[in-house]
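Chemist: Pasting the relevant annotations from TrEMBL:
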- A:12-30: transmembrane segment (TRANSMEM)
- A:50-72: transmembrane segment (TRANSMEM)
- A:78-98: transmembrane segment (TRANSMEM)
- A:129-158: transmembrane segment (TRANSMEM)
- A:164-182: transmembrane segment (TRANSMEM)
- A:194-214: transmembrane segment (TRANSMEM)
- A:255-273: transmembrane segment (TRANSMEM)
- A:293-311: transmembrane segment (TRANSMEM)
- A:418-435: transmembrane segment (TRANSMEM)
- A:466-486: transmembrane segment (TRANSMEM)
- A:492-517: transmembrane segment (TRANSMEM)
- A:524-543: transmembrane segment (TRANSMEM)
Amino acid sequence: MPGQSSVEWIDIVVILLYLTATVYLGWIAYRGTKSGADFLLGGRNAHPIIMALSYGATFISTAAIVGFGGVAGLFGMSLLWLTVMNVGIGIFIAFTVLGEPTRRIGHHLGAHTFPELLGLRYQSKGIQLFAGGLIFLFIPLYAAAVLTGGAVFAAAQFGIEFEVALLVFAVITAAYVIPGGIKAVMYTDALQGAIMIFGMAVLVIFTFTVLGGITEANQSLTDMADMVPASLQAIGHQGWTSMPAFGWGSTTYDMWWTVVTAIILGVGIGVLAQPQLVVRFMTVRSRRELDRAVPIGAVFILLMTGVPFTVGSLSNAWFAQHGTPLHGQVIEILNEDKDRALVELMRPTPQGGWETVISATTGQPASAPLQIAERQIATDANGEVFELVSGRAPAIVYARGEPDKIIPTYITEALPRWFGVLFFMTLLSAGMSTLSSQFHTMGTSAGRDLYERLSGKPSGSQPSLLVMRLAIVLGLIVAVTISYNIREDYVIARFTAIFFGLCAASFLPAYVAGLFFRRVTRTAALASMFVGAITSLFWLAFIKAREAGAIGLVQRFTDGKTSLLADYPNWPSVDPVLVALPLSALTLILVTAVTRPPETSHLDRCFPERAKR
Amino acid sequence: MFGIDDPWVLLAYLGCFVMTAVSLVYGLIRRNAAPDELTVEDRVWALEEKRIEDER
């Protein structure tokens with residue numbers, strides 16, 4: 001039933017069944033050793049499907065579904081450009097352009113991690129250490145986003161505190177990744193991918209059906225443009241089926257720069273340099289398998305991003321038509337013909353009157369744009385008579401101003417409870433498959449890329465394995481701490497965007513150039529990575545207002561401003577990737593031009609196909 | 001069209017399906033186009049990868 005929130009025995013049974021199936025498949029895979037390497041050695045027919053689902057399940061997490069779905073609920077369908085990027089770049093370009101060269105060079109050089117691939121390609125221990133260190137330091141931020149996404153939903157679905165949900169999610173993750181679940185077991189990933197497909201298919205069919213069909217649903221959302229909250233209109237929100245206002249030099253364009261640079265470009269491009277995804281290409285048997293995985297991967301990503309972005313946006317239409325009625329007093333008429341108004345929210349008092357609702361975040365009387373359904377005469381707390389209106393509001397009002405809660409609130413209020421449990425399975429699947437690869441990457445960065453390189457200990461030595469496990473435990477603690485302490489705004493999407501943008505700016509030019517160009521030098525690659533990382537981190541700490549404001553360094557130097565460029569509109573909304581990635585690429589080109597080319601013998605090892613010509 | 005008035009959002013809406021369709025067509029056309037042979041080097045890499053995974 002909508003709105004009910006408590007853990008029921010059936011929920012526990014379903015969750016336990018799911019966990020049992022996951023452990024069982026993991027065990028079968030462990031005994032039958034169906035990891036990526038086993039498929040490469042023996043498997044043929046089933047591999048492209050399993051590889052695509054496994055890659056997709058690693059790619060998509062609770063961050064995409066809850067975090068970015070919530071951002072779509074706030075900002076609207078402009079986020080569908082991210083789906084275009086995810087399918088077009090994250091799957092099509094990644095598999096058809098980067099996949100095969102990565103696989104070939106990785107095998108030629110014997111690389112088994114992303115930092116190792118870069119280090120061996122450029123014959124540089126420093127590059128491997130730098131890449132491993134950067135990943136180890138910042139991937140907990142991304143893991144925190146995934147944990148928060150799962151915990152926010154579990155809290156809403158089962159009516160428990162966020163902190164309890166986070167603890168449970170962290171314990172399940174620890175049980176999954178620490179004892180050996182970090183192995184790249186592709187069957188488990190594929191099972192999780194299949195559950196995700198089913199969950200998303202039900203979600204989109206339900207939403208369009210309840211809103212009367214595709215065109216009717218979209219049209220009702222288009223007709224709600226006048227209900228966009230004033231704070232969002234002020235930064236350029238023009239409606240949930242419109243792009244934000246575009247321009248430069250005024251804060252009324254801030255939303256465009258946030259949506260397009262941080263969310264669409266940062267994440268859309270950043271996926272190409274995700275360490276946990278790049279290594280997947282090396283476990284592929286051949287180019288043919290990559291080609292065959294493209295269609296399955298594309299459909300999977302279309303469902304996993306297109307559905308939450310569409311449903312997140314459409315949740316506004318659902319709440320405006322079917323949400324729990326809210327009450328209050330009209331402050332301002334928004335649309336007389338459609339009877340929409342900005343309303344100061346009120347609630348009944350035990351004495352039978354009405355009192356103003358005070359916002360927990362601002363401490364001021366809460367207000368919301370309402371689609372008015374009913375008017376009546378009522379008395380306020382002072383006994384004065386006034387006109388009380390009742391109506392429904394956009395999704396963000398029901399999510400109490402927190403975009404990360406839009407999808408969980410929609411699922412618990414709009415859909416039957418059984419779907420909530422199924423959706424929790426979907427999120428658990430999405431979360432676990434991504435978290436296991438994140439912690440796997442974290443562990444190998446610390447053990448193989450940092451400890452073994454620095455100590456000179458051989459691969460697989462006991463101290464190295466210990467370092468790896470300690471790194472995973474430490475990473476989990478850091479991720480949980482971040483998730484516990486930082487909950488403001490759309491933090492899930494922001495953390496994801498920060499990590500994706502940082503990876504793009506630091507690694508993408510050196511990685512792509514390393515695959516295709518013989519002339520690129522070691523010094524250029526290291527310089528490019530350094531410039532990309534430093535520029536990104538500087539921009540986050542001093543320019544990007546939302547992050548710089550949270551970090552707090554700028555306030556110390558500027559009498560409370562949240563950005564060094566606070567007086568120059570739009571700059572504080574521009575994502576680091578827009579500046580850091582071009583600078584990183586330019587550095588690579590310029591330094592390559594003035595440094596000595598790599599040895600031919602090494603290049604022949606990297607590109608034996610070209611050497612034979 | 002489809003209840004969306006903004007051409008840029010409509011383009012994104014359609015773009016999602018066009019990109020997916022391109023990927024489907026690509027997969028069909030290239031289904032058997034590339035060779036599928038396991039070289040000695042690939043086998044050595046996979047055995048080493050397996051050894052690393054088993055140790056973890």
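Backbone N, Cα and C atoms are what each Cβ position is placed from, and that goes for glycine too.
Predicted automatically and left uncurated, TrEMBL annotations should be read as such.
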Chemist: Can you work out which residues elsewhere in the same chain, 6+ from the ends of the transmembrane segment (A:129-158), have a Cβ less than 8 Å from its Cβ atoms?
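Modeler: Counting only partners 6 or more residues beyond its ends, the transmembrane segment (A:129-158) has Cβ contacts under 8 Å with 5-7, 11, 61-63, 65-67, 113-115, 118-119, 164-166, 168-170, 173, 275, 404-405, 407-409, 411-412, 420-421, 423-424, 427-428, 431, 434-435, 438-439, 441-442, 445-446, 448-450, 453-454, 471, 475-476, 478-480, 482-483, 486-487, 491-496, 498-500, 502-503, 506-507, 526, 529-530, 533.
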Chemist: Mark yes when the transmembrane segment (A:293-311) and the transmembrane segment (A:78-98) have three or more Cβ pairs under 8 Å (sequence separation 6 or more) and no when they do not.
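Modeler: They are in contact.
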Chemist: Return the stretch with the most CB pairs under 8 A relative to the transmembrane segment (A:255-273), choosing among A:50-72, A:194-214, A:293-311, A:524-543.
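Modeler: Against the transmembrane segment (A:255-273), the leading stretch is A:50-72.
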Chemist: Please figure out which one of A:194-214, A:293-311, A:524-543 racks up the most CB pairs under 8 Å against the transmembrane segment (A:50-72).
Modeler: A:293-311
